[in-house]
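Swiss-Prot annotations:
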- Asp9, Arg53, Lys81, Ile82, Asp83, Ser84: substrate binding site (BINDING)
- Ser251, Gly345, Gly346, Glu347, Thr348, Gly392: ATP binding site (BINDING)
Amino acid sequence: MSWLIIADDLSGAADCAIGYAMSGARTVVTLEAAPAGADLSQADVVACDVDSRRMAPQEAAARNLEAWHRGQGASRRLYKKIDSTLRGNWAAETAALAPLAGLAIVAPAFPATGRTTAGGCMFVNGQPLEDSDIWRLEALTGRADLVALLAARGLRATLLPLDTVRAGDATLRLTIAGLAREGVRAVVCDAQTEQDLAALAAATAQLDVPAFWVGSGGLARALAAPCLFEGGAPQPLPAPEGGPVLTLVGSLSGISGRQAACLRERTGMQSLVVPPRILREGAGHADWDAAQQSITGCLRAGRDLLVSIGRDDAFDPGEGPRLSAALAQLSLPGFQHTRGLIATGGETARAMLSAAGIGALMLRREVEPGVPLSDTPALPGVPARRVATKAGAFGSEAALWHAWQAMTESRAPSA
């Protein structure tokens, strides 16, 4: 059994695929069609980051279809990874994939991170998603009503309420199959606990109608748990070569800010906050060279470093990709001296890896829910690096510190 995961950002792709890696699957996350050093033909699970979150809906849908064809979607089980806080073009992408892949089993809940679904609407730590800081930061409007959002994209959708999800395997399977025969194209599933997701996974894994799954890391873990892969237990992590760890915080969520503060306080590592105005102007800004030299000097000396983006009155959520790309270019000379990267915010992680010419990640294990640990391919003249990625609004307050610990506890001494 092989899987194709299509995600709209890098941290989501890794977070979704880690469950399979933990079940022993050979799992690769790709940033490009043919990444150097990664043999996709030998992978049990290929997770494609199509980087479509900020695209126009039509362009995002086309990018997903391209990934489906390129990833041999017809011969693999498909998991369409979406953001558990419904950012991006998930509804348009799901509607585009449905004619090819079948009935959409939609369950974005991720209880381990406080994301749940009730009455077909999303909640974050018990609060309606539309009332959360996450939606305010992204300037999103309306209600987080999954059925309505799918219907707005022309997909006939219906709700599978919690009492049906908990009615038992046979009832759940028969209900979903019956809805498909009635012409329903998407089933939106309530879920409050990991047991609810496990029930959905078990009931839908053997449906007698074509189907694919639409969700976050929560449902992906539930689907991966009973899978048997030849690799068995995940391979132990080899000790990385000696060298510093660079932590990039490109997300401006309050959660990421608290995580960065925790990392700084517990490690005492050097930190740098880069004003957005420097990143907007790039190398032409008067302070660019000084900031770049500060980053490079610290990492060249073998010291770990925390770099984050500041905020100002001109902040616009839509400029995230631009700021992330500039942060990557600012950090690139120093990145060459690192052996580890921690990146919070999928756009930040992708920008840094792309700038460094890294097109794939081999997933290893999970630091905590939503924080996977990976290795980059070893290429001629380019040593492998350890990478931890995290969505901006995910994780415990100590998430970055836990990621740093996971990297440094086995770090080999510098030569």
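Heads up, residue numbers simply count up from 1 along the chain you see.
Each Cβ is built from the backbone N, Cα and C atoms, and glycine gets one as well.
Feature map: annotations from Swiss-Prot on the structure.
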residue	record	Cβ contacts under 8 Å, 6 or more apart
Asp9	substrate binding site	Asp49, Asp51, Arg53, Asp83, Gly88, Gly346, Glu347, Arg350, Ala391
Lys81	substrate binding site	Ile5, Ile6, Ala7, Asp8, Gly12, Ala13, Cys16, Ala47, Gly215, Ser216, Gly217, Ala220
Ile82	substrate binding site	Asp8, Gly12, Gly88, Trp90, Glu93, Thr94, Pro108, Val214, Gly215, Ser216
Ser84	substrate binding site	Pro108, Ala109, Phe110, Thr113, Arg115, Met122, Ser216, Gly217, Gly218
Ser251	ATP binding site	Thr344, Gly345, Thr348, Ala391, Gly392, Ala393
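Across Ser251, Gly345, Gly346, Glu347, Thr348, Gly392, which the record gives as binding ATP, the greatest C-alpha separation is 10 Å. A sphere of 10 angstroms centred on the C-beta of Thr348 (ATP binding site) encloses 33 other C-beta atoms. Reduced to three states, the DSSP call for Thr348 (ATP binding site) is helix. Counted within 10 Å of its Cβ, the other Cβ atoms near Gly392 (ATP binding site) come to 27, all protein chains included. DSSP gives Lys81 (substrate binding site) a strand state.
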